[in-house]
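Take a look at the structure set out below.
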Amino acid sequence: MSQEYTEDKDVTLTKLSSGRRLLEALLILIALFAVWLMAALLSFNPSDPSWSQTAWHEPIHNLGGAPGAWLADTLFFIFGVMAYTIPVIIVGGCWFAWRHQSTDDYIDYFAVSLRLIGVLALILTSCGLAAINADDIWYFASGGVIGSLLSTTLQPLLHSSGGTIMLLCIWAAGLTLFTGWSWVSIAEKLGGWLLNILTFASNRTRRDDTWVDDEEYDDEYDEETDGVQRESRRARILRGALARRKRLAEKFSNPRGRQTDAALFSGKRMDDDEDIQYSARGVAADPDDVLFSGNRATQPEYDEYDPLLNGHSVTEPVAAAAAATAVTQTWAASADPIMQTPPMPGAEPVVAQPTVEWQPVPGPQTGEPVIAPAPEGYQPHPQYAQPQEAQSAPWQQPVPVASAPQYAATPATAAEYDSLAPQETQPQWQPEPTHQPTPVYQPEPIAAEPSHMPPPVIEQPVATEPEPDTEETRPARPPLYYFEEVEEKRAREREQLAAWYQPIPEPVKENVPVKPTVSVAPSIPPVEAVAAAASLDAGIKSGALAAGAAAAAPAFSLATGGAPRPQVKEGIGPQLPRPNRVRVPTRRELASYGIKLPSQRIAEEKAREAERNQYETGAQLTDEEIDAMHQDELARQFAQSQQHRYGETYQHDTQQAEDDDTAAEAELARQFAASQQQRYSGEQPAGAQPFSLDDLDFSPMKVLVDEGPHEPLFTPGVMPESTPVQQPVAPQPQPQYQQPQQPVAPQPQYQQPQQPVAPQPQYQQPQQPVAPQPQYQQPQQPVAPQPQYQQPQQPVAPQPQYQQPQQPVAPQPQYQQPQQPVAPQPQYQQPQQPTAPQDSLIHPLLMRNGDSRPLQRPTTPLPSLDLLTPPPSEVEPVDTFALEQMARLVEARLADFRIKADVVNYSPGPVITRFELNLAPGVKAARISNLSRDLARSLSTVAVRVVEVIPGKPYVGLELPNKKRQTVYLREVLDNAKFRENPSPLTVVLGKDIAGDPVVADLAKMPHLLVAGTTGSGKSVGVNAMILSMLYKAQPEDVRFIMIDPKMLELSVYEGIPHLLTEVVTDMKDAANALRWSVNEMERRYKLMSALGVRNLAGYNEKIAEAARMGRPIPDPYWKPGDSMDVQHPVLEKLPYIVVLVDEFADLMMTVGKKVEELIARLAQKARAAGIHLVLATQRPSVDVITGLIKANIPTRIAFTVSSKIDSRTILDQGGAESLLGMGDMLYSGPNSTMPVRVHGAFVRDQEVHAVVQDWKARGRPQYVDGITSDSESEGGGGGFDGGEELDALFDQAVNFVTQKRKASISGVQRQFRIGYNRAARIIEQMEAQGIVSAQGHNGNREVLAPPPFE
């Protein structure tokens, strides 16, 4: 045998023919080429030299070398992502050719042509689908050139969805043409696979879910074959497999088993209507069975098998069943009801529920059960006593009834379930209790009951009488119908398992009362079956009454709150307690028990009628009466819910809690009073009343019983306490204001509610315990002047009512408003919860100046740098290797555009890196400037800026953004020697240049600055950085600001600093007046400087300082006695620099127009020597805003990111700003320089600005100059600090002319006096300011208001 096997497996090498040799060698080479091609495609790198890129001097990254890179680039260009399928198709073709090499059939050219057409259709449609639906790969189209052509052709015609559908259809047809497969066969094949998978899974699931172990049957077979000689192991395995297969076949072929499986997996419930009901014994369920009959609680028709309504006695079938069960039938625990059923005689389950006590069923020794009385909190009300609770009717709750009688198990079969069923014990016998009549309660509406109800816990008594044990005798050989008994047993087990897994729907809208669990009745000896059946009728009635009382009991009990639920499955098996469904009794059955429910339709009609009556009654009542009724109803519901929740112990617990809280409150108040008296005993002001414990007598719970008004009452006397009424008012936390102690007014007293709890003391910070808080007379404002904010810890806050006298009792000086309080330090408490909004708009955060509290004056002359955010201590090092790689890449990209250049140096900065290029001889820098966008694309960067000229170097700069941008902090720019050593008070910092060095400028040398950039480019942050740098450099006597902020957002935060000449101007008319005042101030300063013989403001201040050192101040040479109220001749003082900042210059130009342009032009031309400097910022850098007149006098400009090169030329007179990166990236064109410098602006947070502003506010208040924004001085000519513009020389003559002619016109004055139009217009404006003529009307005419002169 082994020789034959060896001879069959010998492999002989047969020689192939020449044609076969050539074919197989060719197939091997083609397969290797496909592998090489796949490697080249997978390792493709766009930087390798290829068909689309020729110049490269670096190593090739492609695994296929230069040919692989070239071929991969070509395939990607033609086919896109479908190029990856080409090697797979090649390998598949080789396999097909090798499989069909032995067939010598003739060639069907028609079939070949169809296959070629199919291949062409598949290739075209695949590329088109990839181009429409897939993302591009590298810089190739996802479908290649083929897909791009198809997608561009189909998109206008069919859109993307229609094109995709059409290409899919063509692809399906091409697959059929190429393979010859029918789509019907493909669908059948796919369906067959799917069904096989589902069949395998379902069969495996069914086999796994069978919880009956097959080993128990193996034991039987082993017992049968004990006497037989042991077979071989192979025979035993085969015999066991055949037997198991036969059993499985019989199991699934049994019609009763199939019906059981259908019942198990159908998802139906036991109470569904069906033709045949299967019980645990495999026969149709009896109609009078409560659990398995399928009768529903909603079935209204009469049922002749109803054990409650058909008039037949229940004792007859029960006696017969009990007698039969005692001999042959087994007791199954699969149909245990959920609702409490009366146990058998002798069973006394103890239910841990305080409301209802269950009594045993009357038997031979026991009488009728007695239901425990309802708790005191249980109040039976008539149905629909409250119309607003009509939506929750009491009959919507299922009322429990007693289940079907339970039968005892035979001793022979009861032992089989001992391991699965819970251990049952025999209770002790008790004497017969006294018979009492059972009261019948009407169930209450469910709206007053809580929704959660824990089930009662049943305590099983200790067993005293065990059951008689009987050994089970198993026959040596199974009887004739043993397999049928086994199938019947397994069917019964399957039905129990089906009852186990019935789905239980969740309640949706109505609150279902709890279903108390039932204790499984113990086994009863057969001799007592008739007696038990005889006493079952009375037991059912008493159980129904007990169930009705349990349904009407309160739905929440503290006694059973933490009890475990017995309806928990603890293993596999239907014998454990589980939530089975019980048929809900009908109204007719409940009527037979004595529980009568009204008709639902009648109750609904009554509820609707009550709601209509309530609505009509409410329509006639006033709002106050409706509100009072609503509060009373809320109070009643709250009291009722509390009584239902806590039962009869609610009032007692409340009183005990009140006593405990009162004692704890008194102890805490005493300790707090002792500590406060010890702290402030010797420091209380005269007339102040001592500390009282009554001041702390408040608690959050008192709001529930407080009926007083919520707003504080202002009465001269002490308000008596009012008797509160318990109302569950919605909690509205109000801040508690502590009334300051007054020496004359009586001490305010707070209302004391009746339920004190733990006090909430007001802890005060001992910052200034000596100085009392100033008292203010505020008869119209209910808020105290110095509040102490405190938020209670409880969610319900008290609402104390305090009093404040409307008028002083006597004319005491304490009620006057003090000019400067001694130490008005308000003592704020940290709120633990956000306070409720107040009725008044007086809030610190709504103040224009913010918090007006006096702050501690700093000791340093200038703000500290600690107010600013420090830069990070760790700085990321420069990656020189990455910069070298980028330099080589720049050279390569320039070489692609036929530009020979070498990177000789690079300068890394925080935001960008500048590469210095050494161009080849004859290469113009303009060529690189024109390629800026192409270079940005090829280098994969956001923007590239080309610097054609680098001062001092023969190179061209190429600025590229860094991959990781760093933040420039203001603190690190201010903390450098260049800023500290600059003596000018107008020194400003801009940021850092590309090398990381700080850029510091002097506004006095600029002398004016124009800032422009789009929204979000960092323009406002740059202006804030310049303002903060001047605040860190100059005192208020050195620099003063006039801030114009049309947006009312950016510059308004500086309101209140001492550097301001006037408030932050937000009205454009006031802005024009402020600019006009600046022009007048410039003229006044020029007069003073000319009188002193100096050329600028610095020389003027030096003269003033020199005269002060000499002790001979210089008098004002232009002062006249009538100019001011000064008695002595005023002297000249030091003049500060004035910086006029305009945040949105374009809005100012649009609103006011030409007048502002003229004023700005005059300031830009002449204001430098007078110490007045302009900073103009705008978001719209257009020629109508930044006119040539303004640009000619403002040489210093800063350009942030703009949208186009035209805007860049408008600002800088050259391009470059359109290539900036934003977020503070700017081009700074300094004075006496034509080449802008790229600067990365310093970042300033809002918190830093507020910190510096608060620091300057603590140093002093601003001294505003009157008349800067007023109209009278703007038109009348008054300007300067204390002077005005003189009237025109022809003013008197022009007034005489106008009053005589009674006609005021500019042209008339111009012709009469032969003067220019501007001078005539100025004279008319002066007349209007003096009130001689009126303003222009809608038609441009003016009325003469002055009377005519006397003749």
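Placed from the backbone N, Cα and C atoms, the Cβ positions cover glycine too.
Annotated features, as they stand in Swiss-Prot:
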TOPO_DOM  1-24  topological domain 'Cytoplasmic'
TRANSMEM  25-44  transmembrane segment
TOPO_DOM  45-74  topological domain 'Periplasmic'
TRANSMEM  75-98  transmembrane segment
TOPO_DOM  99-115  topological domain 'Cytoplasmic'
TRANSMEM  116-132  transmembrane segment
TOPO_DOM  133-162  topological domain 'Periplasmic'
TRANSMEM  163-179  transmembrane segment
TOPO_DOM  180-1351  topological domain 'Cytoplasmic'
REGION    357-482  region 'Disordered'
COMPBIAS  385-395  compositional bias 'Polar residues'
COMPBIAS  402-415  compositional bias 'Low complexity'
COMPBIAS  422-433  compositional bias 'Low complexity'
REGION    559-589  region 'Disordered'
REGION    602-871  region 'Disordered'
COMPBIAS  602-614  compositional bias 'Basic and acidic residues'
COMPBIAS  665-674  compositional bias 'Low complexity'
COMPBIAS  724-838  compositional bias 'Low complexity'
COMPBIAS  858-868  compositional bias 'Low complexity'
REGION    1264-1283  region 'Disordered'
Using DSSP three-state counts, the residues of the topological domain 'Periplasmic' (133-162) come to 20 helix, 2 strand, 8 coil
Six or more residues out from either end of the topological domain 'Periplasmic' (133-162), which same-chain residues have a Cβ under 8 Å from its Cβ atoms? 44, 46, 76-83, 123-124, 127
Non-local residues, at least 6 beyond the ends, that sit with Cβ under 8 Å of the topological domain 'Periplasmic' (45-74): 36-37, 39, 83, 138-139, 888, 892, 895-896
Average pLDDT across the topological domain 'Cytoplasmic' (99-115), rounded to a whole number: 79
Secondary structure tally of the topological domain 'Periplasmic' (45-74) (DSSP, helix then strand then coil): 10 helix, 2 strand, 18 coil
For the compositional bias 'Low complexity' (665-674), the DSSP helix/strand/coil residue counts are 10 helix, 0 strand, 0 coil
DSSP-wise, what's the residue breakdown of the compositional bias 'Low complexity' (858-868) into helix, strand and coil? 3 helix, 0 strand, 8 coil
